[in-house]
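S.K.: Dropping the structure in here first, questions after.
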């Protein structure tokens, strides 16, 4: 009993120490990077945890984004007496994401996949900005739970049929069973909502607008990638059925992305615009995944990582503006180049990343996705071209409207950022641009 109490005190002391948690996450990022670059160590560790390269890349992204969102949430530490609870919720969320990406059993993956909802809901309800956060939390909860119940039934039926839910056995093993269309839709629907697919995306802008900066960063950076990761893991079970319905997902992904891009052009809330842009990007990712080609799979993974870094950094920038001006409206926060001149470079770097301009990681991923989608159908080239054009249009709209123009509020003088803010933005932008060279080398070896 005494040992249990001592362990409890040590854990609580660790959780209450903000700097210690940040340093621990930074060291964890370093360890994972070493494991990815040394094959012998990686295969030993991967064998123990059941993780492959896909899992390790997304685990690395999770640890990286959680570390940066703690650095970006210094306002929570200063304004609240419950920052130890805030740290605990974020660490629990990181643990759940680690379990999700390292699962080799479909049922374990489902349990940890759904468990990520709980800490995210606590973040929105506990540290959100406005009373509407309750409605946003309920939207997110009911959308995702409603879609995931058919997935549970599908997995239990699969276990009854085959006798195993091991991913390697079911995907790479002999095809001894035939899965029907209803089974297919029940399985992939949960991941389409989580991605989110156009028409099932209404929970996402509400959750982003009402969530604190940490909630927005982890939601855009990692939690949306759970949908893409789940599709990668389950589409191998339905390779034949997927060929019959790939036209449906291609159409919804590309044309839905075009419609969402047009909606972005009429947004005046920064966070809402960035949230809608996530839906447009994920539509192209969905098109690459359902094409079932190596170009599509690799491009989807690269875009998921690049978008996770880019959108997380943009939400962090939007929060910095909100902390100084008290508003996220593009009608009020004009002329930020004269108000926050030192942030102009970071706005530009993250904006060009959002529109997939060189030399960002998103460019390489989108080139791969466009190749896979166009090779599936030449006709869809029209939709992809319109989507790429409007993606650049709404990003330029956000950048020009926020940075240029006359800063109308004379109560504020010129304001510079803090060192912690520069560090967070640099840790978003540098990997986004530096990994482009590494990614080109990897794709050239395919």
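In case you wondered, yes, glycine gets a Cβ from its N, Cα and C as well.
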S.K.: Of the ranges 301-322, 411-432, which one does TrEMBL flag as transmembrane segment?
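M.R.: In TrEMBL, residues 301-322 carry the label transmembrane segment.
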S.K.: Below 8 Å between Cβ atoms, which of the listed ranges 301-322, 334-357, 369-397 makes the most pairs with the transmembrane segment (273-295)?
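M.R.: Between the stretches 301-322, 334-357, 369-397, 369-397 has the largest tally.
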S.K.: Need one number: mean pLDDT over the domain 'NADH:ubiquinone oxidoreductase chain 4 N-terminal' (1-100).
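M.R.: Mean pLDDT, the domain 'NADH:ubiquinone oxidoreductase chain 4 N-terminal' (1-100): 68.
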S.K.: By Cβ distance under 8 Å, which residues at least 6 away from the ends of the transmembrane segment (369-397) in the same chain are close to it?
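M.R.: Sequence-remote neighbours of the transmembrane segment (369-397) are 246, 250, 254-255, 257-258, 261-262, 264-265, 273, 277, 280-281, 283-285, 287-288, 291, 293, 295-296, 299-300, 303, 351-352, 354-357.
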S.K.: The transmembrane segment (244-266): which same-chain residues, six or more beyond its ends, come within Cβ distance under 8 Å?
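M.R.: Hits for the transmembrane segment (244-266): 181, 184, 192, 197-199, 201, 273, 276-277, 279-287, 290-292, 373, 376-377, 380, 383-384, 386-387, 390-391, 393-394, 397.
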